[in-house]
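Features of the protein shown, as given by TrEMBL:
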type	residues	note
REGION	1-60	region 'Disordered'
COMPBIAS	1-17	compositional bias 'Basic and acidic residues'
COMPBIAS	28-55	compositional bias 'Polar residues'
TRANSMEM	123-141	transmembrane segment
TRANSMEM	153-174	transmembrane segment
TRANSMEM	205-224	transmembrane segment
TRANSMEM	236-269	transmembrane segment
TRANSMEM	290-315	transmembrane segment
DOMAIN	345-401	domain 'MIR'
DOMAIN	410-466	domain 'MIR'
DOMAIN	471-528	domain 'MIR'
TRANSMEM	603-626	transmembrane segment
TRANSMEM	647-664	transmembrane segment
TRANSMEM	670-692	transmembrane segment
TRANSMEM	713-731	transmembrane segment
Amino acid sequence: MAKEECNSQWHKARDPFAVRNRKVFPSPEQTHQSLITPESKNKQGDNTFPSNGSSADFPARRRVDSSNTLLLIVVTGLSFATRLYKITEPPHVCWDETHFGKMGSYYINRTFFFDVHPPLGKMLIALAGYMTGYDGTFPFVKPGDKYEHHNYWGMRGFCAVLGSFLPVFAYLIVQELSQSHTAAIITATLLIFDTGCITISQYILLDPILMFFIMAAVLSMVKFNQQSYRPFTAPWWLWLILCGGALACALGVKFVGLFVVLLVGLNTVKDLWRILGDLSLSLIDVAKHFLARVAGLILLPLFLYVTIFAVHFVLLNKSGPGDGFFSSTFQSRLIGNNLYNVSMPEYLAYGSTITVKNLRIAGGYLHSHWHLYPEGVGAKQQQVTAYLHKDHNNMWLVHKPDNDTQSGSPDLVRHGDIIRLEHKETTRNLHSHLHQAPLTKKHFQVTGYGLNGTGDTNDLWQVEVCGGRKGDLVKVLRSKVRFLHRATGCVLYSSGKSLPKWGWEQVEVTCSPYLKETPSSQWNIEDHINPRLPNISLSLLKPNFLEILLESHIVMIRGNSGLKPKDNEMNSKPWHWPINYQGLRFSGVNETEYRVYLLGNPVVWWINLASLGLYLIMVALASVVIQRGISPQQKRIEHSDVLRGGGGLLLLGWLLHYVPFYVMGRVLYYHHYFPAMLFSSMLTGVTLDILLRNADLLLRQPYSDWLHRGGQMVLLFTVLYSFHLFHPLSYGMKGPLAHEPGSAMAGLKWMDSWEF
């Protein structure tokens, strides 16, 4: 009985679901701490101070606060110094600066473009460039192009400043979760002196912007949970709103921001479940908590996210290289596009001259020209392709099957009608037959056949309005149309594959026997000329904001899923990333060029990898102790709470930002791991700190203290020395390569897969 009573008292003392007295507003030390907060903060003797309110404690508190402030200043200073050092080197385009720098220029020039990522990151890059004197005229054609007189340092500097906050945020997060300055310092040291984090922060990229908002969201979430003892106060609302805002911004930079949204969502669900079980709260109080989180973590982020796109659409109002990825109605709102403020007949009719646009991304316009398919590629008839640009060879005439001429008002084309499409320039009919398509071998070839309206039954196509019924009219721009081949039953299809040189590298058009509705088999009528029909202004057909918002997301999602590895293109695999298997060339290849190589500090990354396994072992041991009913010292209880609470949150963050890449079908790159690496480094700080603080399990005093301090010093020296060895990867190097004598990296190519 005595043992059972002792164990009962111990479990009761550490029960996180203890009922709070809401009326008295107890201190944080007396109340529930959320899933991510260790209990009994006042018991961490080395990091906090007594709370009895005596005046004798004030000098000690001031000393602790001064120490905290000094440490934070040192961390901030080192972080900014390592990121801003040599920010203008090299003075040429590096890696993906060719994309995101160019997109910044598009914003400054208000030119519409397409990207698979949401717009916030590019808008902020453009704003930074504009505010620091960049005029948007540099073309960003390819890596290696010299910036010359163009002002690029502002865009790089902006990304570097946001990247400099990552170790600072990590320091604050770990300090809150573990209540240990040592754990926070370990984490900050790992991130400050990681060559990979430095490199990825120094260039015009989306990654430092994304990681800034991810870490801001996590820090706000942790701070919000610390306010659980005083709900609905100003600090409570502040951190809730900041968390919601950071979530919107993370998602507004890249869709992988969804992972931190999920992390915050899971934490919120657990927090609400705890509140529901608090019997001191009425159901009205529970409802208030629920509605506050709905407002701060759902409605506010949704509003901000939509606002980002509203600004994006207002800024990019001129026709540009992104037009062809979007529907014709979308293009009609862009100044300079041939559909902007023009008039044309509203419904398709026989005798009309039209262009037909495929609805897949980069599907192109239905196109033909005088060139024939070469010998051995189906029938040697006229090529039919899809062309991504406006061209007079995109024009087609709509005829009835019998080629009857019409007088008076023309008949309108309806769902289910049989038509013949004649290429205006060459007078050949759109045709298909049972020959194989050039590239998609299970599809049939599409050609141009006949002359001046003569042909055969293989020239006939049935019009199908998607979602329509027999007799429905075909609306210009708005109707999604399919063309079913009467003779073979296949459907006109844009495969998205580029033809060889003989096809001028235009997109293959086939007739697919697979009749499932997909964007590749759907088309719309874009240009429409018929002098015998009344015209309407296309301004009447312009989509509203919600329609263009929805379309832009559909196009981005399709674009992401379409990012497949090209032939002979390096495709990184997720299992490569934690072991630092292979980096990325940012600049330069040979010994005469300025070389920058994205690779994490191998010592830091391998410590992180080892700490993941060590963390699982330590949690397992702590769980066995608890399950066996062994009553550990109070210090061990606190360490167990930190491991399973704060450490569990960080492990969950790492898993959410890493594991999903195993099921992604798109092309993957090494830099995709960096958000997960932040969580891994924070978990390492917590794990190694608790491991060293439990040295007394192995040695008695004072030897355990020596081991504790000695372990910290060895870790710090190892990280600093490894940074000294590998820093040329970040800050650039010239001269011999690593495998050649006299190289700055001689002897440091520890893995054959490293390419420096």
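Going from the start of the chain as shown, residues are counted 1 onward.
Cβ atoms are placed via backbone N, Cα and C, with glycine included.
When Cβ-Cβ distances below 8 Å are used as the criterion, the transmembrane segment (670-692) is approached by residues 166, 170, 173-174, 177-178, 180, 182-188, 190-191, 194, 196-197, 200, 207, 210-211, 214-215, 256, 259-260, 572, 574, 576-578, 582-584, 598, 600, 604-605, 607-609, 611-612, 614-615, 618, 639, 642-643, 646-647, 650-651, 653-654, 657-658, 661, 707-708, 711-712, 715 of the same chain, each at least six residues removed from its ends. In this chain, the transmembrane segment (713-731) lies apart from the transmembrane segment (123-141): fewer than three C-beta pairs between them fall below 8 angstroms, excluding pairs fewer than 6 positions apart. With respect to Cβ pairs under 8 Å, the transmembrane segment (153-174) is most closely packed against 205-224, considering the stretches 123-141, 205-224, 290-315, 603-626, 647-664. Here the transmembrane segment (647-664) has Cβ contacts under 8 Å with residues 35-36, 177, 214, 218, 256, 259-260, 262-263, 266-267, 574, 577-578, 612, 615, 619, 672-673, 675-676, 679-680, 682-683, 686-687 of the same chain, all six or more residues outside its ends. Mean pLDDT for the domain 'MIR' (345-401) in this predicted model: 91.
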